[in-house]
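The following features are taken from TrEMBL:
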type	residues	note
DOMAIN	83-197	domain 'FAD-binding FR-type'
BINDING	Arg140, Tyr142, Leu165, Val172, Ser173	FAD binding site
Amino acid sequence: MFPRPVRLCRLSSAPRQCNVNAQFSSPNRYQRFRTSSTTSQPPSKGPSGKLWLTAAVVAIAAGGAGIYTRSQGDTSSTTLDPVTFTNYELISKTPVSSTCSIFNLRPKRGGGINAEVYQDAFETGIWSVQFKQPQLQVGRDYTPLPPSMQFSSLDKGNDTSLQFLIRKDGEVSSYLHDLQPGSIVEMRGPQLGLELTPDVQEILFIVGGTGIAPALQAAHTILKCMRPRDETRIHILWANRRREDCLGGCSDTVGSQWSWWSKLYPTTKAVGTPGENIEELRNYVVEQLDELKRLYPKKVTVDYFVDEEKSLIGKDSIMKYINSRAQHPLVGPRKKKLIIISGPDGFVSYLAGPKMWHNGREVQGPLRGILKELNISGWSVWKL
């Protein structure tokens, strides 16, 4: 899910399929809802006892037509759930660069069990919520930042708020950026993107832009909610178009050569000077990554790649990490190594091939792109 900013979807009147993610489509409109399945695997989901999953199953059992009526019209719920939209209030909108802001929202009405829902979701894995653009009836998924990244001091001690790193691009994101504090945003979720279990020993995250949010969620789940072993490792390769989006970030290993962004979004304008005031100024997300590295030395490492500096997440940078971990075998017969891709569609396709549609659902699709060319053994790949 998560976040990353994910695919646009139309909120329409004829449900094609009901599942935990409460996805709807119309025969007359192409709808791009994100699911958590592959062509060979069922959708990933958390333990059946989770409060929010139970709520989703109960709501879906009520019938497709009823679900649609509630999802479109009923915003009186006090607790976030995957089917019914709940009113949230925008508390603050704080720029962290010229392109991104952190949005801080909390339920408009009290009395729900949102703290329990959030906790269950963060303990389960990578998840997102869907925001609705009411004028266009368009929804989009965004990944909440983990609670360790509580941004606004206005809500200190308030465990019902959620924070999101949102870029200005797109119909829903532009709508959100135009809102003022006090505005109401309709939200539903959680939607589980990938369950993380204690048998995950290593994760290589390859992320673009706001796709960093799922990586922060995963670090929170594995390092704070579970009991990580000494062998647990999370390595993040983070690509941005501009240095300001990761200002102050210092790579833990050497960067790479050229930029995938330049092929998809050519630009000649450079913003900022690489390395300028790098010790004095740090992007907020970079501060959080540095804090993770401080709290969990050797367990979290990050490499930064910037389009305007002509650097790339390429084969060399990927294989450098993979090869460095080859001498560290899995501890236990059921341990796993994951490569997780998170970012814009073009970014995901370039690295691992596009996700595909099958029987009305978006699925993982075959592995393609440079990861297929590398033919890495011993690692599973997941596209968010």
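One is the number of the first residue shown, and numbering goes on along the chain from there.
Each residue, glycine too, has its Cβ placed from N, Cα and C.
Distribution of TrEMBL features across the structure.
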| residue | record | DSSP (3 states) |
| --- | --- | --- |
| Arg140 | FAD binding site | strand |
| Leu165 | FAD binding site | strand |
| Val172 | FAD binding site | helix |
Which of Leu165, Val172, the listed binding-site residues, has fewest other Cβ atoms within 10 Å: Val172
